[in-house]
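Just below is one structure, and these are the notes that go with it.
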């Protein structure tokens, strides 16, 4: 394995300009001079045609144009939207004033509960609404990127390391992971600048063998994709799509080669399926490799670290004789007694391995079920990252998540259109979108805890708990204080100057200086890795011995490597929550970085999502539990990251909303039970409305409707997507979010940890077959109980009205409308309970009917929210004007 040469380290000269930039500029000047002289000699030999001269001028012009631009939302759409938000805020204040000053004494408990719930809903709306104040769109120019950096073997495009993570091959089928890897290897990007690292956190021999088969099939698939510009470049979805695959294809041999490739892929699938079938039953003696030695990962909780390079510079070439991107299998070491931090720990292991082997300046991570749908996705990201006017302070470029295999009506809002097409656009106009865990291109230096280069270092007075200790200057300050607290600033500057001259030292002096600066306390005991962290433009350190790189890579994924370091605390993926993505992005934004939201016309990546009710709720439960864990940790945005003022206040509001939304489940459940209670007790939460109160109510309803309509107008999403989002907000709120709150509190108080299992990917061969798969889970009981309660309440209300006469129908209307609001929001949940055969598990029905019956009888018997005080001023509490 050969090493890649680095360009320089992130060190500053006397003027504050990084030395590596001076070296790169001088190197570029010399290179340009050579190119210019070569071009002049060629021009003398043969003058190019006029058309080529025009094209050269055009390319030169494109090379100096911006690589992207911001497309602001039209003022005709945005101004009314903001005006309605302000109007709604004012009306909301007047509405709360009326509700608080007009209690319902005959049902004081019900009234008080409803007012508390409504105030919380108003607070939640503010947190969700105002981060959408400045939405923007962006556009990229890939042709200008090519004109500026080239597109051949000598291209100036930056290298990119892809990360793919998987755990259990029986729940995450190897064929899905293999298609993701194949789509990465075939991206439209220089092959020598692409490396794919696959993390097998389950140490499964099935994953290893399937990856070996994938590497062999890639030798055929990659050249086929690039020759015929195939989209998407994942064979499973390319061959299954129902489109005219001959469109725009003019090569006469395309049909013949496509048929041959499809046959090769089917044979490849059979081989993968055979491996999966063999892996269903583990031998008593454990798995044996082809050479007869036991598989090192037979015990997934106690095994050494494993690395295997399948493709790359020294690996197999494709069938056309061309080089293929590097493909690396990684399984980090695991031993009993060590905390491994699940996905976040696996990602940090990949960061270190890739830094030792390739050290690309950019990292793009994908889940194993998210494939590259747009072969130019990497170029789209580089339009931001490599643009000097934009990418200087960009820590990551986030792409929206798009999904295959979702039912046409999107019953459980799996597409998350409102979040990805509304909320994320709003954040892009502030400090950037949040990191959502996949489909994200990182600047490696930002993961190491460095701050953005355009911002000055924080003064000593403003250094707080969130400041990273891995900044070189801060490390020198701390080391000097430990050595001599009374040393002068000149001594500190002298130490920094020595650091700037690090390239002039020999290997021993360099290692001594790094040790002096306590880099080991931050990054761990690996000199090769530490040197790589100082190289902003990437590349393996020149001092690294190519023959020992694999040994060094094994060392950095050992189970004890992170002990007494800053991994997971200040650098890399941050530990402390099952949703490590939120924490990781939050820490970067606190340091002053910004992020970019990139939405190409053709979706960059696509993946799969759980479309059945039980798996979807467990997915939402995991996300909500992660938010609760952050809320109860030191990283809570309510009090974390105020030093230096680098996190914008609207961005902070967004992060606060991200971690408090699960607690909305408590008032939401109470509010959804109120209509049933009102119908069963004959009371209501609103007194007779005066003319002024009627105006406030109508104004609030109109402002809610107008806000939604104008939001749909500027975002371009459909009303059906918006309604599905509203429905699932209620469904998730009264089920998964409630369980997440209690589990999070129990984890903090009693230390009870929750082990989430990997969601099994779709295996039903029928179209949307997984939609009807029903799995029993206790999360289903609360929403089912609420449904039964409201249905019983509606029946009881109509029965009472029929017995009481005409006068009782007026008060009944408001209560029934309230109950129907709850039922309509829970309707997709009701359909999910029915399943394909409209049958519900008996246990769910029994528990829900039992709880609803007991609850109803208690209310009828004790009637706790009904007071003995008569309404004042002759108010009739059973009448409501809508």
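FYI, residue positions are counted from 1 along the chain as it appears here.
Just so it is clear, glycine is given a Cβ too, placed from its N, Cα and C backbone atoms.
On a predicted model such as this, the values are computed, not experimentally measured, just so you know.
Residues or ranges marked as active site by TrEMBL: 201, 581. Annotated UDP-alpha-D-glucose binding site per TrEMBL: 165, 171, 172, 201, 342, in sequence order. Under the heading Mn(2+) binding site, TrEMBL lists 343, 367. Per TrEMBL, transmembrane segment is recorded for 79-98, 104-127, 660-680, 692-710, 730-750, 771-792, 812-830, 842-862.
Location within the structure of each feature annotated in TrEMBL.
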{"residue": "165", "record": "UDP-alpha-D-glucose binding site", "Cβ within 10 Å": "24"}
{"residue": "171", "record": "UDP-alpha-D-glucose binding site", "Cβ within 10 Å": "14"}
{"residue": "172", "record": "UDP-alpha-D-glucose binding site", "Cβ within 10 Å": "23"}
{"residue": "201", "record": "active site", "Cβ within 10 Å": "23"}
{"residue": "342", "record": "UDP-alpha-D-glucose binding site", "Cβ within 10 Å": "17"}
{"residue": "343", "record": "Mn(2+) binding site", "Cβ within 10 Å": "20"}
{"residue": "367", "record": "Mn(2+) binding site", "Cβ within 10 Å": "22"}
{"residue": "581", "record": "active site", "Cβ within 10 Å": "24"}
Range from 660-680, 692-710, 730-750, 771-792, 812-830 with most C-beta pairs under 8 A to the transmembrane segment (79-98): 692-710
The transmembrane segment (730-750) in contact with the transmembrane segment (812-830), cutoff 8 A, at least 3 CB pairs, sep 6+: yes
Within 10 angstroms of residue 367 (Mn(2+) binding site), Cα basis - recorded positions out of 171, 201, 342, 581: none
The transmembrane segment (104-127) versus listed stretches 660-680, 692-710, 812-830: most Cβ pairs under 8 Å: 660-680
Those recorded positions, out of 165, 171, 172, 201, that come within 10 angstroms of residue 343 (Mn(2+) binding site) at the Cα: 165, 201
Distance [Cα-Cα, Å, rounded] between residue 581 (active site) and residue 342 (UDP-alpha-D-glucose binding site): 12
Between residue 201 (active site) and residue 171 (UDP-alpha-D-glucose binding site): CA-CA distance (Å): 13
Cα separation, residue 201 (active site) to residue 165 (UDP-alpha-D-glucose binding site) (Å, whole number): 8
Residues 165, 171, 172, 201, 342 [recorded UDP-alpha-D-glucose binders]: greatest CA to CA distance in Å: 16
